[in-house]
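What follows is one structure encoded as structure tokens, with my remarks underneath.
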């Protein structure tokens, strides 16, 4: 039986882990990020990978920093056949990568070399890409720079957001990994080096990116809204208050009104953006309120806004 050290943290990693278990791989350990305090009550939350591991009675390691840790020494001493990572979220030292008998393999949520880094799925949406996919790759010291074992593309639908793409890609990642592992194990796999001239990076989303700017076109704003749904969410600043926008669509009409102005508030709630473009807001969350569809917003708080009023803070 082929032994695996599995490393993953978010929901994206769970189908990959469960796929390995169901396919009969021996999971020696699951390595995931430490538990975190979340919400106003600061409750301790386990990572999705840890929850899945405990369900299957697998040993779990959660080093704050893997490099130089006692946990890393434990993992090296396991002499596993494979390391498999899926959105683990930490740097893996070369010493550890080289400690396995066969290979260290990563399931990455983009078509490398496009979107190396921590937010490949979000950047495919931010940039309005029409497709994305999964890369099964060899892990090396440099981030996401290893040779490619296999790739598969999927179409990005207009209604997709980060949440739906994460779900689709985690299933695709599981399936492509399980299809590719036998040829990695028996040595017959053909590796393709990444083209260094085509490398694009996707660094983690910053707090600044969460705020929608009226210098954006409606399409750019909508792409950002999709990229930040369900977490952390994009927002406009309206009269000094955060106004989250969970879902929107680019309107078919244009407007000569100043960007940040209410274009319509009867039957729809539309705001002007750069280049005379208009965005229809479909699901919103005013500061201190729950998420609501636009009909409920217009029946309540939204009824105070009038067409032609500049409401978005610059």
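Please read every residue number as a count from 1 along the shown chain.
Note: Cβ is positioned from N, Cα and C throughout, glycine not excepted.
Residues or ranges marked as (6S)-5,6,7,8-tetrahydrofolate binding site by Swiss-Prot on the basis of sequence analysis: 110, 111, 112, 113.
Summary of the (6S)-5,6,7,8-tetrahydrofolate site environment: with the site residues 110, 111, 112, 113 set aside, the chain residues having Cβ atoms within 8 Å of the Cβ mean position are 108, 114, 115, 116, 120, 133, 135, 144, 151, 194, 200.
Summarising the environment of residue 111 ((6S)-5,6,7,8-tetrahydrofolate binding site), the number of other Cβ atoms within 10 Å of its Cβ, over all protein chains shown, is 21. When each of the binding-site residues 110, 112, 113 is scored by how many other Cβ atoms sit within 10 Å of its Cβ, 113 comes out lowest.
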